[in-house]
Amino acid sequence: MAAKRNTVTTQIPETPPEGTSLALDTRLSRHVESVIPKKRQEALKWYGWGYNDSQFYGQQGIICFKGDKYPLSGCELPNFTKWVRSKFDLDVDHNNAYPQLPPTYPKPVQNAPFLNELRGCTKVDHSQEGVDRLVRSHGQTLNDIYSLWHNKFERIPDLVVWPRCHDEVVQLVQLAHKHNVMLLPFGGGTSVSGAVSCPQKEQRMICVLDTSQMNRMLWLNRENLTVCFESGIVGQDLERVLREQHLTVGHEPDSYEFSTLGGWVATRASGMKKNVYGNIEDLVVRVRMVTPTGTLERECSAPRVSCGPDFNHIILGSEGTLGVITEVVLKVRPLPPVQRYGSLVFPDFEQGVLFMREVARRRCQPASVRLMDNEQFLFGQALKPEKSWLASCLDAIKQRYVTVWKGIDLTHICAATLLFEGEQKDVQRQEAIIYEIAARYKGFPAGGQNGERGYLFTFVIAYIRDFALHQGIVAESFETSVPWDRCSMLCRCVKQRVVSECARHNISHYTISARVTQTYDAGACVYFYFGFRYLNIPNPVEVFEAIEHSAREEILTCGGSLSHHHGVGKIRSHWYRNAVTETGSALYSAAKKHLDPRNIFAAGNLLPAQLEKPTQNSTEAATATATALKAKL
């Protein structure tokens, strides 16, 4: 059942807002009852990923899963238990305790003039309760969660505020700028780049601006197929509201259940169905962002304009460093009448990559096509619940068919999951093309059920990281994008680099795997999953980050990008200047100092070294910026 939340009743205007079509259907404008309550810890784990009632756990030596929101609900997983034992030499310990909320919290830094004006001149709800501050002090990096478990945060927010609309955000930003209070925009808290983690050395008051109460659908235009939402709406809430109108945005990142629209824009997010609907930059028509020097937005919602640089792209990927995203106009599409899953098996990863390349070359991608290497394939098979005797026999027959009649080695086999969406005849045509291309590369169909499981298990797999940490294993994913001619090589080299780094750190029990998740004309997105058991390692997260750092160096050496969709945040800021050149970083810094001259959006993302200490006079800061830029030029 969806968690209850407090809502504020606001009169919806009967006439269309200025600049919108008369076809605007204002009757559909409404508040959304979110699955995530205002007190998010009532529904979500304070110490990890996902819902309070959903998790992997050990019972009599067997790994199980509980939680009624996912396909594995109530299942015992003996095959997964065997996989964990063989991979990590580990027997599940069900006696380990999960962390408890700390008895005390860091004392909040107080800015009395700001608090007095906040309380006396605005109606913005706010809290300084320790638990409210703690659950908004972090994202979902391994470092974040490990620090939570061991109560290592020196600095957490001093205040949480819940604005309810664009105008209240304007008030807050103006107050923070006036009183030199740091603002940290917070949406779903799903960042895996350190972007929403509090800067630990910040001495000013830190105010987290929680956008969760800004989740209205402001308007829907059926003729233009556009919709305007406030930025705090969560992905699953957004889609639920649109599906009631037989529409969809189609943006489905792995974090779709908990991440917000504003977070998608701020990180240039990508979804699993981008082949049909596009990435977030393809879906956005118009964005509003509040900065200390004013609101940045495009004047009209025309489909394309040629008016100099597109300032939407200043906002996209800004990672909370320039302002607060408040409203977003998106494209919508009618719900597809047919949704069909499929899967393919290939003799090895290289053949699978060639298949993916050909599909991209012919631009015939289904809504989603994702290729797993052998390690991930075996991991996915291990996650299947225990089957009946008959089902086990059928599996044995299928395995014999693959290994004997098809001549495929199970130690190299890999698989692709497929999702087709659209009109019946279009889906049938697309299926025929995809299976014909697969046959060229020795691939063959493996059934829709496997494809559906692979797609839906994406949401379950996110819970494994916390269970692994509970059992003494540190694990995390990292991603990149890479040109096609370097895709297979990059995957091989990165995995080899991780193997050599594990040997250097005397780590003998680990896993490293890869999958190709997105395809483009010129290249692909590649995900890596890495984890190890930390026996006799006093600082396992430091070791993990050192190995991941080496892996990222290998990615860049092989021609991969700094990030495909996770963003830069703090953990990849080391490479940002090289990624965009000195000229690019200077341009970003100039925009930052113009929009935020007192550096109140001091998240420390992208270019932390470039951010100067806040000045008392914003005009002086802007003048200094202009002088420094002229000197560079």
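Cβ coordinates are placed from backbone N, Cα and C, and glycine is handled just like the others.
Just so you know, TrEMBL annotations are computer predictions that nobody has curated.
These features come from TrEMBL:
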- 153-335: domain 'FAD-binding PCMH-type' (DOMAIN)
- 185-191, 254-260, 267-270, 319-325: FAD binding site (BINDING)
- R370: site 'Important for enzyme activity' (SITE)
- R465: substrate binding site (BINDING)
- Y527: active site, proton donor/acceptor (ACT_SITE)
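Positions of the features from TrEMBL, shown on the structure.
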{"residue": "P185", "record": "FAD binding site", "Cβ neighbours (10 Å)": "29"}
{"residue": "G189", "record": "FAD binding site", "Cβ neighbours (10 Å)": "25"}
{"residue": "S255", "record": "FAD binding site", "Cβ neighbours (10 Å)": "25"}
{"residue": "S259", "record": "FAD binding site", "Cβ neighbours (10 Å)": "23"}
{"residue": "A269", "record": "FAD binding site", "Cβ neighbours (10 Å)": "26"}
{"residue": "T321", "record": "FAD binding site", "Cβ neighbours (10 Å)": "25"}
{"residue": "I325", "record": "FAD binding site", "Cβ neighbours (10 Å)": "30"}
{"residue": "R370", "record": "site 'Important for enzyme activity'", "Cβ neighbours (10 Å)": "24"}
{"residue": "R465", "record": "substrate binding site", "Cβ neighbours (10 Å)": "23"}
{"residue": "Y527", "record": "active site, proton donor/acceptor", "Cβ neighbours (10 Å)": "20"}
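Rounded to a whole number, the C-alpha distance linking I325 (FAD binding site) with R465 (substrate binding site) is 30 angstrom. When the Cα atoms are compared, R465 (substrate binding site) and P185 (FAD binding site) turn out to be 25 Å apart. Per-residue confidence over the domain 'FAD-binding PCMH-type' (153-335) averages out at a pLDDT of 96.
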